[in-house]
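> These came from TrEMBL, pasted as-is:
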- HIS255: active site, proton acceptor (ACT_SITE)
- TYR25, ARG165, HIS255: glyoxylate binding site (BINDING)
- 78-80, SER107, GLN128, TYR130, THR156, LYS231, SER253, ARG258, 286-290, 309-310: FMN binding site (BINDING)
- 1-360: domain 'FMN hydroxy acid dehydrogenase' (DOMAIN)
Amino acid sequence: MGEITNVMEYEAIAKQKLPKMVYDYYASGAEDQWTLAENRNAFSRILFRPRILIDVSNIDISATVLGYKISMPIMVAPTAMQKMAHPDGEYATARAAAAADTIMTLSSWGTSSVEEVASTGPGVRFFQLYVYKDRNIVIQLVRRAERAGFKAIALTVDTPRLGRREADIKNRFNLPPNLSLKNFEGLDIGKLNKAEDSGLASYVAGQVDRSLSWKDVQWLKTITSLPILVKGVLTAEDARIAVQAGAAGIIVSNHGARQLDYVPATIMALEEVVKAAQGRIPVFLDGGVRRGTDVFKALALGAAGVFIGRPVIWSLAADGENGIKKVLQMMRDEFELTMALSGCRSLKEITRNHVVTDWETPRAALPQPRL
């Protein structure tokens, strides 16, 4: 294979390298995997309305997220058990994200702990949180994330139960014996046990709290001063409640299409959520982002930034820290080129008028100022 020229090419390399059980775990969506395909396909139904003859010799793609200035509006989503992909696991991801001057989100189910990730050096990092039945575990996790210098909590709210991922059931998915969920070591629940179906599904059923509700978001605010991002919002109704509940931001996410199948692609749900948030808190998106053009489309529809998950896993599997660095650089370069060719010199110049979606009648653009 020649030089890798896009993010998608890493998946084929990862598929060759990884054991089937591991590849299937990362690649799968829920049930029919309709939403899995739709997360990608929906982007292709959004087209550009580029503005020409604008001086694009200087382009600034830096972004500010929760007050932290980062190099670009492309961040690393939380993905579980990264040492299954590569021995360096979350260490490599942390170093690559820091080198790219962007934010990494560490999964609760990391194969490296918050302390280990912090030990890689400086960097803005968020911690993704699952709420366990035992609230003392939650308090311990949050305290440790705070002490390790993490800057926000991304609370996953779409997983009262684990989605049905059929490959994991067929493969009887389990964490390889040399690995453990490092954030839970010493808490008696760091091990997934062998199960009749998916070991992870059994683990979630036993440990994760199905009773999680908005009052728990309020409770979380009483135990930490860290900003809380609510991850897994797909409707205007929930966006409004998130604002009222004091969330610092929303991540429009369908969990990489791994939870409820036949929910819309996140890019399709984005505008509804953005409108409901009314600019009071930032709205981010994850799911299906593979190109710089996808990033631009999300920002044009009102996102403050995007998170990428599987591209990080595939590039980690293919080439470790270097692979992730390359993916972040490719996404960055593509996004900057899209901005130039659309006539935008900073993120604030990206507007709704820069895209047209095939589900709207193209409206006459707003009157433009005379030259």
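From the backbone N, Cα and C atoms, a Cβ is placed for every residue, glycine too.
Keep in mind it's a predicted model, so treat the numbers as computed, not measured.
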> In the structure shown, which of the binding-site residues PRO78, GLY288, GLY309 has the fewest other Cβ atoms within 10 Å?
GLY309
> Let's check the environment of HIS255 (active site, proton acceptor): how many other CB atoms sit within 10 Å of its CB?
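I get 23 for this one.
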> Let me know the model's mean pLDDT on the domain 'FMN hydroxy acid dehydrogenase' (1-360).
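When the pLDDT values over the domain 'FMN hydroxy acid dehydrogenase' (1-360) are averaged, the result is 95.
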> Between the Cα atoms of TYR25 (glyoxylate binding site) and HIS255 (active site, proton acceptor), find the distance and write it as a whole number of Å.
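Each residue's Cα considered, TYR25 (glyoxylate binding site) and HIS255 (active site, proton acceptor) end up 13 Å apart.
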> Including all protein chains shown, what's the count of other C-beta atoms within 10 A of the C-beta of TYR25 (glyoxylate binding site)?
25
> Give me the sequence-ordered set of same-chain residues, not including TYR25, ARG165, HIS255, with a C-beta within 8 angstroms of the centroid of the glyoxylate site's C-beta atoms.
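Same chain, not in TYR25, ARG165, HIS255, Cβ within 8 Å: TYR26, SER28, GLY29, ALA30, LEU162, GLY163, ASP168, LEU200, GLY256, ARG258.
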> Taking the Cβ of ARG165 (glyoxylate binding site) as the centre, count every other Cβ atom within 10 Å, in any protein chain shown.
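ARG165 (glyoxylate binding site) is surrounded by 25 other Cβ atoms within 10 Å.
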> Work out how many Å separate ARG165 (glyoxylate binding site) and PRO78 (FMN binding site) at their Cα atoms, rounded off.
18
> List nothing but the largest Cα to Cα distance in Å, as a whole number, among the residues TYR25, ARG165, HIS255 that the record says bind glyoxylate.
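Output for glyoxylate binders TYR25, ARG165, HIS255: max Cα distance 13 Å.
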> Which residues in the same chain, at least 6 apart in sequence, have a Cβ under 8 Å from the Cβ of ARG258 (FMN binding site)?
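Result: SER28, GLY29, ALA30, LEU36, GLY163, ARG165.
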> For THR156 (FMN binding site), which residues of its chain lie six or more apart in sequence with Cβ-Cβ distance below 8 Å?
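Spatial neighbours, sequence-distant, of THR156 (FMN binding site): PRO78, SER108, GLN128, LEU129, TYR130, LYS231, GLY232, HIS255.
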